[in-house]
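Enquirer: As listed in TrEMBL for this protein:
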- GLY9, THR10, MET11, ASP12, CYS13, GLY14, LYS15, SER16, ASP86, GLU87, ALA88, GLN89: ATP binding site (BINDING)
- GLU87: active site, proton acceptor (ACT_SITE)
Amino acid sequence: MSELVFFSGTMDCGKSTLALQIGHNRSARGLQGVIFTRDDRAGEGKLSSRLGLVTEAVEANEGMDLYAYLVAQLTKGGRADYVIVDEAQFLAPAQIDQLARTVDDLEMDVFAFGITTDFRTKLFPGSQRLIELADRVEQLQVEALCWCGARATHNARTIEGEMVVEGAQVVVGDVNRPAGEIGYEVLCRRHHRRQMTSVSARTGALSPDVLPVSSA
Ligand SMILES: Nc1ncnc2c1ncn2[C@@H]1O[C@H](COP(=O)(O)OP(=O)(O)O)[C@@H](O)[C@H]1O
Ligand SMILES: Cc1cn([C@H]2C[C@H](O)[C@@H](COP(=O)(O)O)O2)c(=O)[nH]c1=O
């Protein structure tokens, strides 16, 4: 029975690497997949992992009908045994419905990868629809860690290393950005709630020494 599987987690927990591994293992057995992605950091039509691997992909633009694309491929005599979708959080809910239809009507496995929540802990619409429709939601086994050592469960957006809570939901970017750039950091819930990034935690630890407060 074909399945719609949502592999979800924070940023930087190995989702794209797993997507590439699933594709590699299936193509090594003669299966042919269609890889969709949207707004990968490496550029249009790429699926890239921080481990340095990258593969060509079909850019799932806004408004693109993914089910119709796959039907057109098959009608032209192309093959599609399974589907991989990276950065699935950026897809519209209607596109997730098209993926579910692909599983049910075309009997293809669909493996979708994406972050669940944004920098304000709110579900991305695409991720919400995946949680609603997926046959399985899988957490990745490799834990991304907060600076405190706890499992990272949330994504913070940063400027100069400090967490920000205002801004557009979608800003393509990466963890460990140089000073001045918008970046991201994964945190445990406790430190996300307190808006405490690795930078602000360091500053906080240093400040009592730098500016001693008199109790008098
Ligand atoms: N230099 C490295 N050596 C070993 N593993 C690395 C290295 N750089 C990144 N990684 C691994 O790659 C993971 C990020 O993989 P990636 O697939 O890009 O994540 P995601 O798609 O979830 O954002 C990190 O959690 C880490 O485990
Ligand atoms: C939290 C958050 C992230 N994004 C963007 C930043 C990256 O381009 C992707 C996530 O990529 P990854 O492969 O999982 O690291 O999402 C965003 O646009 N808005 C956010 O709130």
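Glycine too: its Cβ is placed from the backbone N, Cα and C atoms.
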Enquirer: Using CB atoms and a 10 A radius, I'd like the single residue among the recorded positions ASP86, GLU87 with the highest neighbour count.
Expert: ASP86
Enquirer: Identify which of the following recorded positions, namely ASP86, GLU87, ALA88, place a Cβ less than 6 Å away from any atom of ligand 1, and list them by sequence position.
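Expert: Among the recorded positions listed, not one has its Cβ under 6 Å from ligand 1.
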Enquirer: What three-state class does DSSP give ASP86 (ATP binding site)?
Expert: coil
Enquirer: C-alpha of MET11 (ATP binding site) to C-alpha of GLU87 (active site, proton acceptor): distance in Å?
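Expert: Between the alpha carbons of MET11 (ATP binding site) and GLU87 (active site, proton acceptor) there are 10 Å.
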Enquirer: In DSSP terms, helix, strand or coil for GLY9 (ATP binding site)?
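Expert: Note: GLY9 (ATP binding site) is in a strand by DSSP.
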Enquirer: List, in sequence order, the same-chain residues at least six positions removed whose CB sits under 8 Å from that of GLY9 (ATP binding site)?
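Expert: In sequence order, the residues whose Cβ lies under 8 Å from that of GLY9 (ATP binding site) (at least 6 apart) are LYS15, ILE115, THR116, GLN139, LEU140, ALA144.
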Enquirer: Long-range neighbours only, meaning 6 or more apart in sequence with Cβ under 8 Å: which ones does ALA88 (ATP binding site) have?
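Expert: Same-chain residues close to ALA88 (ATP binding site) (Cβ under 8 Å, separated by 6 or more) are PHE6, ARG38, ILE96, ALA112, PHE113, GLY114, GLY126, SER127, LEU130.
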Enquirer: Judged by the number of other CB atoms within 10 angstroms, which among MET11, CYS13 is the least packed of the binding-site residues?
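Expert: Candidates: the binding-site residues MET11, CYS13. Fewest Cβ atoms within 10 Å: MET11.
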Enquirer: Roughly how many angstrom lie between the C-alpha atoms of CYS13 (ATP binding site) and GLU87 (active site, proton acceptor)?
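Expert: Approximately 13 Å lies between the Cα of CYS13 (ATP binding site) and that of GLU87 (active site, proton acceptor).
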Enquirer: Checking proximity to ligand 2 here: which binding-site residues out of GLY9, CYS13, ASP86, ALA88 have their Cβ closer than 6 Å to it?
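Expert: Cβ under 6 Å from ligand 2: none.
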